[in-house]
Structures are given as structure tokens and as C-alpha cells.
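A.B. asks: So Swiss-Prot says this about it:
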| type | residues | note |
| --- | --- | --- |
| ACT_SITE | 109 | active site, phosphoserine intermediate |
| BINDING | 35, 36, 37, 38, 39, 40, 41, 42 | ATP binding site |
């Protein structure tokens, strides 16, 4: 990775993050959904974004598959590539938070160190870790993309939960049971956002 060039300097914006938040009527923050493939991350994040949009909240959803079509299309699934994938997403999320958006991200992000890296990038009070905790057996039974079947057959290497480790969050801001109904999970998330004064009660 290229090193920082001392000739490249940060230019302050005439419009501040606080002014952007005032315009939107809410704080900028990231809800970082993490869990195994098939745990329900994207489904719950998508449902929450729709609910927040209906409440007049300015949102954007960054999905693990979608960013690999463009921003991270040059990356594979080695440990180094996974780390770079998450670093890039964290930087994009940080820009969106600075713009005053509520950003939802749905990434397996299997390593605690990478999730902590993004938390550190964003700063205090800007990162909400959402652990969608679904047993491997349930994820494998769902297998919406047929990836577990391929991994079990040896057609897919470095697949999280099969031959690559998933490090579960130790103290997420919210721990969701991925076997519950999406409506129940969404209600828990909306309650959290109200308690944190990110959206109005």
C-alpha cells in the first residue's frame, strides 16, 4: 500500500459536519452489521434503511456484495484483501458520516481487529456494532447463494465459518438473535437509535 505523501495536505471544509447534521436533523453514525454469511445482515439492514427513510432520516446502505462490483472489485478473499476491503469501506463510511448520514453496512467482517480499526477511524460515538448472531447450522440451511454448499464441496476456499474463522464481537452495542423475525430485530434497532438520540422518539 502506498505511504502517505507529506505534500498531500487535508483541506478543511467551509461547511462543518455539525452544520450538515443540523440540516439533516440527526447525527451521522455508522451501524456496522456483522455476522456469518446467511445470518440476515443484509436483510435486516435493508429493512432498517427503509424504515428510517420513511421517518425522514438520511441514510445509505453499503452492502458487502455491492462494493465488490466497484470500489473493491480488485480484491479477493485472502486475509490481506479482506482487511483492505474493510479499510476502504470504513473510509467511505467515514465520509458519509461527515456528510451527516446514518450509514448502514452489511459485511461479514470476520476479524475483530478490522472492526476495531473502523471504530477507531470513525471516533467516539460514531460506530454502532450490530452483531447478527445466527447459528452456523441455520445459516447453512438458509444458504441463499449456495456458497456453503460450494465451500463444503471444496469449490470455495477461505469461506468464513467453514475453513476461515469468524471472530464474534465481544461487546457489540447491540446483539441480535438472527433467528427472530425481521420486524422484531428492526424494532430493537429503532429503540436503540432512539435511546442514543440519533432519531427522535
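Numbers run from 1 along the shown chain.
Placed from the backbone N, Cα and C atoms, the Cβ positions cover glycine too.
Give me the lay of the land around each of these features.
C.D. replies: DSSP assigns residue 109 (active site, phosphoserine intermediate) to coil in the three-state reduction, placing it in neither a helix nor a strand.
Taking the Cβ of residue 35 (ATP binding site) as reference, residues of its chain lying under 8 Å away and at least six apart in sequence are, in sequence order, 41, 108, 131, 132, 133, 134, 178. Secondary structure at residue 35 (ATP binding site), as computed by DSSP, is coil.
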A.B. asks: Applying the rule Cβ within 8 Å of the centroid of the Cβ atoms of 35, 36, 37, 38, 39, 40, 41, 42, what extra residues of the same chain belong around the ATP site?
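C.D. replies: Neighbours found: 106, 108, 132, 134, 139, 178.
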A.B. asks: How far is it from residue 40 (ATP binding site) to residue 109 (active site, phosphoserine intermediate), counting Cα to Cα, in Å?
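C.D. replies: Checking the Cα atoms of residue 40 (ATP binding site) and residue 109 (active site, phosphoserine intermediate) gives a distance of 14 Å.
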A.B. asks: Relative to the Cα of residue 109 (active site, phosphoserine intermediate), which of the binding-site residues 36, 38, 39, 42 have a Cα no more than 10 Å away?
C.D. replies: 36
A.B. asks: Looking at Cβ-Cβ distances, which residues of the chain lie under 8 angstroms from residue 38 (ATP binding site) while being 6 or more apart from it?
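C.D. replies: Listed in sequence order, they are 134, 138, 139, 140, 142, 143, 144, 145, 147, 148.
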A.B. asks: For a quick check of packing: other C-beta atoms within 10 Å of the C-beta of residue 40 (ATP binding site), how many?
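C.D. replies: Counting Cβ neighbours of residue 40 (ATP binding site) within 10 Å gives 26.
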